2 protein chains.
Amino acid sequence: MRILTFKEFMSTEKDSYSAAYEEELDTSVLKIIRQVKEYGDGAIRSYTEKFDRVRLDNFVVSKEEFAEARDLVSSSFLDAIKQAKKNITDFHQEQKEKSWFITKNQGVMLGQKVTPLEKVGVYIPGGKAAYPSSVLMNVIPAQLAGVEQLVITTPPQPNGKINPHVLVAAQEAGVDTIYKVGGAQAIAALAYGTETVEKVVKIVGPGNAYVARAKKWVFGDVAIDMIAGPSEICIVADESAPPSYIAADLLSQAEHDELASSICITTSRVLADSILIEIEKQAAALERKDIIDKSLDSNGKIIVAKDLTNAFEIVNEIAPEHLQLMIKNPTEGMYSIKNAGAIFLGNFSPEPLGDYIAGPNHTLPTSGTAAFSSPLGVYDFVKKSSIIHYSQEALLETADHIIKLANTEGLTAHANSIQVRKDDSDANTQHYQKNSRNSD
Amino acid sequence: MRILTFKEFMSTEKDSYSAAYEEELDTSVLKIIRQVKEYGDGAIRSYTEKFDRVRLDNFVVSKEEFAEARDLVSSSFLDAIKQAKKNITDFHQEQKEKSWFITKNQGVMLGQKVTPLEKVGVYIPGGKAAYPSSVLMNVIPAQLAGVEQLVITTPPQPNGKINPHVLVAAQEAGVDTIYKVGGAQAIAALAYGTETVEKVVKIVGPGNAYVARAKKWVFGDVAIDMIAGPSEICIVADESAPPSYIAADLLSQAEHDELASSICITTSRVLADSILIEIEKQAAALERKDIIDKSLDSNGKIIVAKDLTNAFEIVNEIAPEHLQLMIKNPTEGMYSIKNAGAIFLGNFSPEPLGDYIAGPNHTLPTSGTAAFSSPLGVYDFVKKSSIIHYSQEALLETADHIIKLANTEGLTAHANSIQVRKDDSDANTQHYQKNSRNSD
């Protein structure tokens, strides 16, 4: 954990990471994708045996396994999941979009039709760890959007089972199709389909480097949520913030993995020192101290800023996944924030509150992508279609503009599509006038 | 142009195209990106010389060039552009999203803050062709979203100039920074910045294979709109539709390029035959007949469907970029459509109306991606941040749920972040109780 000045921070350069062929990783990911495309379930079984060290003839979670999971989880876990589900549903309900239309003179109607995606696949990391919270955060917005077919895929444990907490969370969220498949092979199965796994149109959910890279490759053939990088927290604190809270929150971010970034920006040098002392004190008692130490050593920073204006400038530069404003007037501070995945206001809104229970999504843009990406939401599970209706009268009135623009672009068949209708109407008018004259 | 039955169509297989390293294309695209990253403007100048056959020391469009362009375009073109701008603005205005929040008991506030992207780059194809309509369609939604810095990049003509119609459209739309740079080098410059070109956070706009592939590679470091494939039209027609209109609209799609698809699905075999005759008649007089012939030969189809239910099933399978419903009750038909970029209703709403003047965006999901993507819109130029505020009371009430879930996931430092606040409050309560007792 280092203490930096504003100037020192601003002079460090950020790296880019996407635009390169990563020889080793990409070669194996592309091979896995090709194999799954060609051999389907067979390829999945052999990769599962290779990577997850278990041979599964049937990799669909059975009703019995769901029932068994229910017996294995505690009632306090179930209570917590139910509360989380309720809060997540309440919040995401507000994100639902309506189709709309406007009308103009002469029978013109223009609109936007909102339609749920038909089939979505959710990837949930597995193996040793279990993330029931990720199940809720990915599934509930999709359900609210009205997605018809929703499946989960997650790597099996070495005994061929899925963690019971994940199964119960899935059941609570209303998903009953779960495949015991992980890694790039899961992404390929969802993107292209196999005998067992139906092809989806969008893949969401976090994963390791293989999963992330496979998502980058299948992107275009299917939609993906985002390519998740390491997790970050940025805490802006003034002298009013309790150093023990800040330390605890930085530590909670650091335990995710060694690449996670825990950053505090403060206007108080005294606070900076107290935070360091608190971190040392609290870290000693934490289970994942090894990961925490490595993470803080490489990516932990306390930046001392002249004032809050300075601090917010740094925040907008970092575009952190999580931002906590632990300052006297956090709500006012929020107005100055342009780039952040989620903004937590005040001393009693720590990041884990958002990870598990508050309601907003915990799938957030990482690695500075909050500058251009949004939290996962109901809007990620719908698509829009434009609607255009013109009457004959309205089209004819604007026909010359269209013909002019089409000809300017050298697209004369476009002009012809309008001209045909114009000529036809002229002919009808003449026909009508002729008939009128005849009957005079 | 072939006539197929429903069954014949459904049995043809669709290809996937993304998940492969395209040795030749990707190698040169990645080389260009690396060179631009390393040598900046110098790399841009040498690629412009190589690909666009012109040496440009200064590749920023000057004020004089803008003024000169204004003198070169006709007033009827300017009128058409102004009308298009007005209609596009009117429609996209309706897409603007508001930030929102909800409050709950105990001082809980949750919300979603909508913020415009700061810097956006628009790619406009150039060289021989000129697309002033694409300038409006890409720039206006960004302007309405509130994007602060908007630049256009487009390849120069061999004389080092930019097409005057493009310049005037840009000026009308309010953009005054235009770079004379095309291809993968333009995408790299926007994604990573050079001495002259400032790095943006999102790149939008259509382009050739180099541009599309470069966008796939930089995706993640910056946002991109979509990877555009060849253009498609699908027309659903019953016996009430005039064959001459349908023929004209299929031809207008076919002139885009040899890979464009023109598909008509009709319930009337008689109509199918009349359309073929009309196509032959009209095509003879069209400038781009060579491209049209090739396109219709490879990708032109008339599918005869049993009924409209059948026809809509095919539409949802194709997920066309453009859909025209030329049937007796097009608005009712629209309700059955799940997958389409834009839906044109009735005999007087041909696709070129939407390309140029109606108002909705003409940047639409191609190659079946309408199953999961939306037209370009104001929503593409903003991002969202979640907002979470809990009071001490609210946090403490739900603290045990959070601690339970964090511990279930093995993230004990997350649990600690809540525990620290709980302990602190317990200590304060005891302190308060002790003080109360003292004062008894």
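Cβ atoms here come from the backbone N, Cα and C positions, even for glycine.
Automatic, uncurated: that is what TrEMBL annotation is.
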TrEMBL has A:Ser231, A:Gln253, A:His256, A:His322, A:Glu409, A:His414 down as binding substrate; which of A:Asp79, A:Asp90, A:Asp176, A:Asp355 does it also list for that site? A:Asp355
Among the binding-site residues A:His322, A:Glu409, A:His414, which ones place their CB within a distance below 8 Å of a chain B CB? A:Glu409, A:His414
Cα distance (Å, whole number) from A:Ser231 (substrate binding site) to A:Asn208 (NAD(+) binding site): 12
Integer Å distance between the CA atoms belonging to A:Tyr123 (NAD(+) binding site) and A:His322 (substrate binding site): 22
Looking only at C-alpha atoms, tell me how far A:Gln185 (NAD(+) binding site) is from A:Glu321 (active site, proton acceptor), rounded to the nearest Å. 28
So if I draw a 10 Å sphere around the Cβ of A:Gln253 (substrate binding site), how many other Cβ atoms end up inside it? 31
Which one of these recorded positions has the most other Cβ atoms within 10 Å of its own Cβ: A:Glu321, A:Glu409? A:Glu321
Nearest to A:Tyr123 (NAD(+) binding site) by Cα distance: which of the binding-site residues A:Gln253, A:His256, A:Glu409 is it? A:His256
